[in-house]
């Protein structure tokens, strides 16, 4: 089966000054299946944002290859197909909204693709309804909250009908309410509309429901597996400066005190269920 | 302090004037300006006044807003009128004040120039009062499009205007935030003379500019990742369509022009 995104021995070097070479990504091999919800976590400077920019050809690998739907990102003939197939949502919602009216901003991507006007209208309506922002279609962006702006930004990507959405810390600048709005929107898009989601974040709670979690540190993939497999590695995660969901932490402390608690408890519900047995 | 700034001076409404195609409105404004310069008799202004009265009544724009548009140019207006009045030679001398003479030709020219300026300003402010900046941008882009073959960057200009419109409120908000942050650290923006106040703005402007550049950078990356590659092969969701009312408005305008021409040539 063809992978949505496939990286082979991907390395990326960043030239800060003449002499110094800074290796940001080191030999990354990742294959993402269609329709999955994938979380990528890592602390600041672990290379996760750099990796995201490789997924839609904003950055090109120094060594190795990145394939999006089988297309090599180094092949400039496919540049726009790649960017249409893999949409990228950024951290700051303010700096990715182009137009002065919500619906026109959502139309920006399809307009760039040269889609006929009638179809753009349909896509804008579909995308805004998918993120629950249809009532706000005539609003100017500065009248919206952070979470709403970020949902508009997501709609702008969805209107391009991508195979996969990559979100680079979309909730980092939002308040808790905005964060909840955005995360539930992303989950809905993955479950109901079958869009592959790659969520880059440093909030562990956001990737607890993911199909797969990848942990990055210092430009390398250090852990890769289901959330239960990954969050079991509490000591390793702590060593590289990441925390685990609070409940998992609790389970670990209980275990250390001698209670027989499974270590792969990720949510409060699971913990309640276990304790009440 | 920045809250009251509105972009342009658009007054939302749903009159026929508001609903006209922006392209037609821009063209009509041009025709109107040319027409006012064709007038060479005071009686000719009756047509222009009636035409403007018609538009103002239909658009339901309060008259005070239109007068407000004249206020910033009052100095230019006075200057033009007095220069024409005192320094035009010819005709009989009506009044002498030292070296300054008011002649009949001078007086006539002064009145005409003054009226022309007033009509020009009222005409253009009617355009901006009844057209939202966004549709104005659309209109300009469409009108300039035929000229892109000879190197007029029609799409780029429109995109710049759109982005400016989008970011003005964001930057105002940011300026307020920076101002409060500086005031919390003892900066004083309100007292002192002009020089002192201008100097006081430096700690506001420097961070504001730095942030604007950072935003521009991020926006460029975001636009690129949304497949933006300039105006080529680009479609638009909102298509402008000429409606019957646009033809009617154009017809009324042309009648006004014809009346003015008739007045210029055949009456006196």
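Cβ coordinates are placed from backbone N, Cα and C, and glycine is handled just like the others.
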Matching range for TrEMBL feature annotation, transmembrane segment, among B:73-97, B:148-172: B:73-97
Per TrEMBL record, range annotated transmembrane segment [choices B:46-67, B:178-199, B:200-221]: B:46-67
Cβ pairs under 8 Å between the transmembrane segment (B:247-266) and the transmembrane segment (B:46-67), at least three: yes
